[in-house]
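Chemist: One structure follows; several queries about it will come next.
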Amino acid sequence: MPKTAAVTSLPEEPINNAKRFRVELLYLCVILLMIVALSAGYFTWMMSHSTSSTNKGLHILDRSEWQGEPPSGKYPHLKLPVSNIIIHHTATEGCEQEDVCIYRMKAIQAFHMKSFGWVDIGYNFLVGGDGQVYVGRGWHIQGQHVNGGYGAISVSIAFIGTFVNMEPPARQIEAAKRLMDEGVRLHRLQPDYHIYAHRQVSPTESPGQKLFELMQNWPRYTRDPTSLRLLSNETMKLVTRPYWLAQPPIVPLTPLKLPIKSVRFVATSTPSCFTQAECTFRVRLMQNSHIESNGYNDINYNFVAAGDENIYEARGWDHSCEPPKNADELVVAFIGPSSSNKNIALELIKQGIKLGHISKNYSLIDDLEKS
């Protein structure tokens, strides 16, 4: 019988080595990816976290460090870099130790979410009397710190405490300034950003008179908020009767016939005022004088343009003034007439036309030029 040729089998070792190489290569790729991810995460953490040599002693506590609650919903992002900073105070007790500041942060967040129904603490950043910065919504998220469209065009920095009669400690002010410098360095703020006080765009005492006086000496403080109001589509700030604590009319007032065909600007003998607290006091005194001394049923103007560049609602759009004033006119009174509050009064007229309260063909009688 012919011999059968022996079948020579291929060696298994090279095949096993190839499989082992592929597995080891896969493990190596996974490890490299993990290293890259950890490095990126660490870099991000270092960029957003507390102290570093680049921020000159600035110390920032992230939300996790002050044990902030997660947002209850979604909110819109800011378009960076931002050109405007709005300074507030929290109108709470202050804090000078980290544990107390953390307690204040948690209380403010709970108040904003439960009482106001906001999805999170309203401010972007808060600064404690301990000289540290506490992250609220941060650089990327729109705040709810001012009514209107200001959250989309500004970053809010709130000083923890009440600064009506006392100044913030120096380290609290320094921390806020360093935060703004850091914002420029990180390209979150425009290098030529503007600083405003909360009271310049809303009927409030915030950030308190003492802090407001201090911040007026800061290089980027901007006295005229008109450009900011234009960005937010709000060119006029109206202080309604409840805000200035108006007392109700003695009797129901006579309705004003709409649309109004005549607007009259008049001067008052009231001393000038330049802060909301002062102007609110002046308007309340004016109402008391009109009722108690002059025998009117209410303050005898429709609106008052004050030196703080706010419009104060008096009888408003719906009720006419009493003699000797013309009952068919809208009367705008001025406390300390100036070009700025005259411009605000003209914005009031534009709004009145837009709302249908004032005729497009109205006539303006300017008694300010006679006084």
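Backbone N, Cα and C define each Cβ position, glycine as well.
Just so you know, TrEMBL annotations are computer predictions that nobody has curated.
Source: prediction; values computed, not measured.
Annotations per TrEMBL:
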DOMAIN    58-202  domain 'Peptidoglycan recognition protein family'
DOMAIN    70-208  domain 'N-acetylmuramoyl-L-alanine amidase'
DOMAIN    236-371  domain 'Peptidoglycan recognition protein family'
TRANSMEM  25-45  transmembrane segment
Chemist: If you average the pLDDT over the domain 'Peptidoglycan recognition protein family' (236-371), what number do you get?
Modeler: 90
Chemist: Please list the DSSP helix, strand and coil residue counts for the domain 'Peptidoglycan recognition protein family' (236-371).
Modeler: 37 helix, 33 strand, 66 coil
